[in-house]
Amino acid sequence: MLGFLKEPVVVTAEINVNLVALTVLALISRLWGLCYPRAVVFDEVYYGQFVSLYMKRIFFVDDSGPPFGHMLLALGGYLGGFDGNFLWNRIGAEYSMNVPVWSLRLLPALAGAFCVPLAYQILVELHFSHCAALGAALLILLENSLITQSRFMLLESILIFFILLAVLSYLKFYNLQKHSAFCGSWWFWLLLTGVACSCAVGVKYMGLFTYLLLLATAGLHFWHMIGDQNLSNVCSTACKRYYLSLFMVSLLCHFLARALALIIIPMGLYLSFFYVHLALLYRSGPHDQIMTSAFQASLEGGLARITQGQPLEVAYGSQITLRNVLGKPVQCWLHSHTNTYPIRYENGRGSSHQQQVTCYPFKDVNNWWIVKDPGMQQLVVSNPPRPVRHGHIVQLVHGITTRYLNTHDVAAPLSPHSQEVSCYIDYNISMPAQNLWRVEIVNRESDTDVWKTILSEVRFVHVNTSAVLKLSGASLPEWGYRQLEVVGEKLSKGYHQSMVWNVEEHRYGKSQEQKEREVELHSPTQMDISKNLSFMAKFTELQWKILTLKNEDTEHKYSSSALDWVTMDTNIAYWLHPTSGAQIHLLGNVATWASANAAALIYLCLSLWYLLRRRRRIYDIPEDAWQLWVSAGGICAGGWAVNYLPFFLMEKTLFLYHYLPAVTFQILLIPVVLQHLGDHLCRSVLLKSMLSALIVAWFSSVYFVYCTFSPLTYGQPALSPPELRALRWKDTWNILIRKH
């Protein structure tokens, strides 16, 4: 029974010393002196604000991308005990003692460090030699720009980590496909591919480029599976039919597995990022002003404090404020005041001289309107209330001046193609009131829907002229107090969000007396709007805002064009010591970037040459070498192309760090080309020896450049003005030199 104790228990393990050593060196290069400088560095001023808002649970919108990367940075702050109390107002500001600098910068640094072993593993999985894989990892290790970007509270290193993890996972999955499909490891690497792709997209939308590349690669590989010729070896027709049915079932299983892992799970994970984001940020803040009233009311504080307890259904006699749904150029509410339009405008065109109606970007007592039944005189809500439904005709009475919202065939002040909107003043002339409006609920579920507070988006269609109440967005002159113009737009010109309004504040009016009405505050029903807004509704709105919200693009001192990146004709000054010459710049390793460009050019030329020769049935290299060349190019050259070329189509302010994912793939191409040259083009011993000597000399130059620019990578030691001038290898580089 105890015979098994006669032999010792032995556990064996294979340790790749190259991989371990590379990981240790990468951790040292990225983590050394991580707290230096203890000051805000470049875009830390931007991401730090979001970390503080996470710590305080205050909602925000960042138009640069999804929230997963921000949450990872916030996780570092949470683990370090950060309370969110720091004013991220300028680059170079010294961090206070409550800011855990090391913890905030740790996750980006770790992500940057792990990119080194990932690069090694990718080349191994592409079936290149360990020597080539070691070269790729060392090039990533000694790349100054990647070191700089990973040592601060920035997102690019995290993005590159997930991109490389996705590529490695897919390659491992594909290599297992050949001999052990549907095993545990096969499923693990396939699922990890989808998870990593989703995380990459969740950090920055740039991750979508690599995700699409892997989807295309997976589709191409599946297409090759469909053309499997193994069935042709089956002898009898009966056997062929049997194996064909098995083959079709297998194909279906492969397709469903890929669809699950590469499409469904990434989509679900992407949604989960927003779910956690919205669950964490439940408090109102300055950023929620761009969201709809319903979204704002779902947040704690802010609009929720005002709207809690409001009646849900708008009835005849309701007192309401109407917010324009578009929210551009700023959010604003339908407004009127006692001033009238000038008799004549600056261009000599006449007006109706009626009471002005505008859209005002601030909450004001003049934003209140009363919903009146045209067939009755009362301005109070009856008991029981009579709700207003889709298609009902109403009059809108201005609460303070008690004049009726009106439009007529008079040109608007700034939009002469549209009708003027005013509050009607009876001048006893031949211009009768035209103040009937039909309520159309845009997001209705049926034609009998009730007009609801916050939730309903409505259009007001003028009964007499069929014009729609619309925000033109133009600012009125001084006589209109620079408020925004409201016009009557013909329906035939189409639908736009500027024509849609929603009730934000709502009270049931109970007094016919004007003075009492102005101070009326009544909350007859307890109604929580947040329960009526689902996660998917909030996700859809937030996602749309992220995709469409654009900050005012201003020319930045360190912005650049995509053409400047390839030749590294630009740099970014990240930090400057207030007294010494110590500074940090985003600068690439010149030797590596030039070699990467040369490798891409050689790969392109050789590929075209091989293709032309193969077209003539001349095969210069064996078929397995050709397949290896193509597959490596699809990942490395393809990864560079999809992460670089789209920037030529983008209308946004671009910076050098946008090129880092692309250049990472391009660097991986260098050892691919070098090994191919050594294996297939340098066929004599002399040529191989010369190539080896050139590689040693070239790699020495890479290390020399890394060491030369390391003071600008790490910010220390401080350099003198002559030393800084010596590092200005290109006239376009902006190296900061103090004048003493």
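The backbone N, Cα and C atoms fix where each Cβ goes, glycine too.
Please treat TrEMBL annotations as automatic predictions, because they have not gone through curation.
Here is what TrEMBL records for this protein:
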TRANSMEM  15-33  transmembrane segment
TRANSMEM  45-61  transmembrane segment
TRANSMEM  100-120  transmembrane segment
TRANSMEM  126-142  transmembrane segment
TRANSMEM  154-174  transmembrane segment
TRANSMEM  186-203  transmembrane segment
TRANSMEM  241-257  transmembrane segment
TRANSMEM  262-282  transmembrane segment
DOMAIN    311-374  domain 'MIR'
DOMAIN    385-442  domain 'MIR'
DOMAIN    446-506  domain 'MIR'
TRANSMEM  590-612  transmembrane segment
TRANSMEM  624-642  transmembrane segment
TRANSMEM  654-674  transmembrane segment
TRANSMEM  686-706  transmembrane segment
Counting CB pairs under 8 Å, which listed stretch among 45-61, 624-642, 654-674 touches the transmembrane segment (126-142) the most?
654-674
Count the CB pairs under 8 A between the transmembrane segment (186-203) and each of 15-33, 45-61, 154-174, then give me the winner.
154-174
Ranking 15-33, 45-61, 154-174, 654-674 by Cβ pairs under 8 Å to the transmembrane segment (590-612), which is first?
654-674
Taking residues 6+ outside the transmembrane segment (686-706), which of them lie with a CB under 8 Å of any CB in it?
135, 138-139, 142-144, 589-592, 595, 674, 677-678
Excluding the flanking five residues on each side, which residues at least 6 beyond the ends of the transmembrane segment (15-33) place their CB within less than 8 Å of a CB in that stretch?
106, 109-110, 112-117, 120-121, 130, 133-134, 137-138, 141, 147, 150-151, 714, 716
Tally of residues which DSSP labels helix, strand or coil - the domain 'MIR' (446-506):
9 helix, 29 strand, 23 coil
What parts of the chain pack near the transmembrane segment (154-174), using Cβ distances under 8 Å and only residues at least 6 beyond its ends?
42-44, 47, 69, 72-73, 107-109, 111-112, 114-115, 118-119, 121-122, 125-126, 146, 185-186, 189-190, 192-193, 196-197, 199-200, 203-204, 206-207, 210-211, 214, 217-218, 221, 635, 639, 657, 660-661, 664
Per the 3+ Cβ pairs under 8 Å rule, pairs at least 6 apart in sequence, do the transmembrane segment (624-642) and the transmembrane segment (262-282) touch?
no
Between the transmembrane segment (262-282) and the transmembrane segment (45-61), do 3 or more CB pairs sit under 8 angstroms, pairs being 6 or more residues apart?
yes
Which value does the mean pLDDT take for the domain 'MIR' (311-374) in this predicted structure?
88
Intrachain neighbours beyond the transmembrane segment (262-282), with Cβ under 8 angstroms and 6 or more residues off its ends:
53-54, 57-60, 66-68, 70-71, 190-191, 193-195, 197-199, 201-202, 211, 214-215, 218, 299-300, 535, 538-539, 542-543
